[in-house]
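Q: One structure coming up, written as structure tokens, with questions to follow.
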Amino acid sequence: MIWLTWRQFRTQTFAILALLTAAAIYALITGTQLRHSYTADLATCQAQNTCFGLLNGLQEDYNGPLQLAEMLVIAAPGLIGIFWGAPLIAGELERGTHYLSWNQSVTRTRWLAVKLTGVALASIVTAGLLSLLLTWWASPLDTISGNRFGTQAFNARGIAPLGYAAFAFALGVTLGLLIRRTLPAMAVTLAVFIAVQVLMTVAVRPNLLPATTTAVPINQATMSQAMRFDRSVAVTGPVTIDLPAPPGSWIQSETPALTSAGRPLQTGEILSCWNQAFGQAGASGKAGSPGFGPLGACLAPQNLHVDVTYQPANSYWPLQWSETALYVVLAALLAAVCFQRVRRLRS
């Protein structure tokens with residue numbers, strides 16, 4: 001059975017080996033260049049105190065290749081489910097080739113176990129190597145951005161892609177067994193996998209670990225680092241400020257500006273400070289605006305704050321492990337369904 005599975009899967013194996021080799025060569029060449037540029041720019045900007053602009057420029061230069069690489073790693077598990085998982089059993093059922101094994105004293109359980117184990121390992125190794133290459137290649141850019149919790153970054157790095165690949169493959173095999181036709185199984189696999197990924201990102205991941213909530217005061221120091229400030233045109237409208245959270249954290253929610261009593265601050269209450277900092281024009285400001293610091297200094301005596309709910313930077317790997325474990329459990333449940341289903345197939 002092992003030899004038969006290898007013969008059936010060897011074309012895909014050689015194709016993925018070629019892809020991984022090309023990806024490794026590209027990552028090694030461009031990754032070395034990226035590290036050289038990062039080291040040189042860091043030394044220059046530290047001497048001139050211009051790191052923000054210089055390193056952000058480096059990040060923009062490599063943003064295109066980074067986005068493309070992330071899309072490839074994110075798409076890999078779905079493609080594995082479509083092209084490796086769905087046809088694995090459905091194709092044999094359509095062609096009737098499964099009878100060749102069943103009629104040679106090979107039990108259905110062993111027949112399925114060999115196929116699942118061999119191709120599942122290939123799927124997990126493929127996703128893992130792609131993730132490893134991207135994680136190494138993009139590490140200088142991740143250091144610059146300081147954000148590993150973004151959806152694309154989180155889904156394409158670390159160990160999460162291994163869990164995605166295991167689940168996508170098991171999903172494809174299961175749907176192939178249930179539908180028993182390759183093309184419909186491939187289409188349904190893609191739809192279900194995308195739906196699960198969206199659900200995980202939007203609803204499950206934010207609740208895997210308890211979040212931390214802290215009150216960030218509004219003063220000159222915090223306002224100097226604020227990313228955005230919006231006030232309503234109406235004097236009774238809210239005031240929204242994106243204040244800094246701990247470095248590398250994942251901000252899940254922020255309240256509008258609040259008074260010391262927890263009441264939402266109204267625009268009319270900050271107009272005098274706003275006019276001192278910015279003049280009459282404008283209802284918003286962006287990061288780097290010279291008026292942010294003076295505005296914060298003027299507002300500081302009012303004891304205002306913003307409640308920020310976030311995952312700290314050290315939650316990254318616990319989240320990666322938790323999400324990966326969840327996908328592995330789902331894959332195991334789907335594999336159990338496959339074994340139950342194959343026993344019921346008519347000879």
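From the backbone N, Cα and C atoms, a Cβ is placed for every residue, glycine too.
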Q: Would you mind telling me which of 158-178, 221-241 TrEMBL tags as transmembrane segment?
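A: So the range that TrEMBL calls transmembrane segment is 158-178.
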Q: What stretch in 71-91, 112-138, 158-178, 185-204 has the biggest tally of Cβ pairs under 8 Å against the transmembrane segment (324-342)?
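A: Going through each listed stretch, the top one turns out to be 158-178.
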Q: Sort out the residues at least 6 away from either end of the transmembrane segment (112-138), same chain, that have Cβ-Cβ distances under 8 Å to it, and list them.
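A: Distant contacts of the transmembrane segment (112-138): 1-2, 5-6, 9, 12-13, 16, 20, 23-24, 27, 30-31, 34, 66, 69-70, 72-73, 76-77, 80, 84-85, 88-89, 156-162, 164-166, 168-170, 173, 331, 335, 338-339, 342.
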